[in-house]
Each structure stands twice: as C-alpha cells, then as structure tokens.
Amino acid sequence: MNKTAIALLALLASSASLAATPWQKITQPVPGSAQSIGSFSNGCIVGADTLPIQSEHYQVMRTDLRRYFGHPDLVMFIQRLSSQVSNLGMGTVLIGDMGMPAGGRFNGGHASHQTGLDVDIFLQLPKTRWTSAQLLRPQALDLVSRDGKHVVPTLWKPEIFSLIKLAAQDKDVTRIFVNPAIKQQLCLDAGTDRDWLRKVRPWFQHRAHMHVRLRCPADSLECEDQPLPPPGDGCGAELQSWFEPPKPGTTKPEKKTPPPLPPSCQALLDEHVI
C-alpha cells in the first residue's frame, strides 16, 4: 500500500477518535417534516431520513460511525444514482459519509455535511460486492499521481467518468467536488457534451472520492444555498491555477472560530442535548 493510501485510511480512522461534538450526542433524527437549516458548513436538519443499509445497488461504508442520515432528497438521489449505475452494469456504488441524525458539526474530517444535503461517494465501482470487513475498513483508491498533476492512467476508468457525469446531470445536484487532476481528466474526456462540467468543482484532497452536494429543497425556508458555479465548463484558467506553485509569501489561512449556529439549530441543540 502506498503512502497516500495509508494517509487516506489514517484520516478516516482519526475522525472517529477525536472528541465528540454535541451533535454526536443526538442518536436519532429529530421528529418533524424534513427541513435543512442553515448553510452546508454551519447548520442542522430536522426530520432526516436514514439511508437503508441494505441495497442491491449500493453499499454503505463505515456504518459504525452512523453517518448515513440525510434529507429525503439526498436519500432519493443516492437511490436514483445507484440504480442508474446498476442498470448500466457499471458496478456497485460505495457510499461514504452523509450526515449525522440531526446534522451539525463533525468532530473532524468534514467542514460541511451539516444540513443533510452532502454525500461522499468512492470513485471506484467494484463488480464484486465488498465484505462486511471491507466496508468497515474501506481501502481508498487514490486516482491522482504523486505530483498531483494528473490522474494515474492505469486507475482511471470510463466507468468513473460516467459515474461523475451521471451525478452531475441529476436535477438536484448543485456541486460535485473532486481533486483538480480529476477535474482536468473529465475536461479532456468530455467531448462536446460539456454543460454538466460546470457543476464539477476542483478542491483540495478528494483524490479517491467525490463529494456531491444538493441544492436547498424548496420547502426548507431556512436553508442557505451557495451561489451557482461560474458560467462555463470550468476547464480554463481557473482550473489551471490549481496546478501553479504557491506565490511567494503565501501562508496557510488561520483557523477560524466557528460562527454562531443558526437560531433554529441552537434551539434544537438546547432541546435535545442535556
């Protein structure tokens, strides 16, 4: 196993060992009609659905962490996408983190995934279903070269291109985050059908999975959507800027103090956490 794969596994494992946040003390969805509240990186959810663990089209990883909750729209998206993938004979979709029962802030590994509208999906589609042991300790497949400038040709498969494209074409999806090298390969492979590329955004890490984000549901009145991605396919200067060396004097941004919770989320926390 190479160093990058080991690091990815360590990151998965480390998030479970950090101190719990108050949101992790809520072990069941909060009753009520489904409402995503706040922003993706500062919010919560009422009336979350549980993604069924058993499915012929997908498998859920790390069920011991209990991060398989989300807005009903997210559950339906996962079922819709995995059914499409299965019908095309592409393999089994591997589902990573969604959100916690009431959403909210994680103890590590994610800044977002707080409103029940985000899901991580591995960029591999096994033809043979994984065992319980494999699902509990998943082996991330790093698709990006060590220098970060391109995908590994022997690991990049047409099925992965199709998986990302199918997700991006879904009506409820607003963004998909992938590594810049993966976005670059999508740009090369896309041909003339390029409208969907607008939703695929380059971001740090994301070498072995895609992070799919849905738009705010119309009836979630306190949900804060992001602005739409810039027009175009995103394959030009913006993408190339990710491969340029840091400018002299560039320093890492200081870690910010988390902003106050939306009032509805604070009230939910006060009511359900002793």
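Including glycine, each Cβ sits where the backbone N, Cα and C put it.
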Zn(2+) 1 site partner of HIS110, HIS113, ASP120 (as recorded in Swiss-Prot), chosen from HIS206, HIS211: HIS211
CYS265 - recorded disulfide partner, Swiss-Prot, among CYS44, CYS187: CYS44
Residue from HIS211, CYS216, CYS223, CYS265 whose C-alpha is spatially nearest that of CYS187 (disulfide bond), among the recorded positions: HIS211
Winner by Cβ contact number (other Cβ atoms within 10 Å) across the binding-site residues ASP120, ASP147: ASP120
Nearest of the binding-site residues (HIS113, ASP147, HIS150) to CYS265 (disulfide bond), judged by Cα-Cα distance: HIS113
Neighbouring C-beta atoms (10 Å sphere around the C-beta of CYS223 (disulfide bond)): 23
Candidate recorded positions CYS44, ASP120, CYS223, pick with smallest Cα gap to HIS150 (Zn(2+) 2 binding site): ASP120
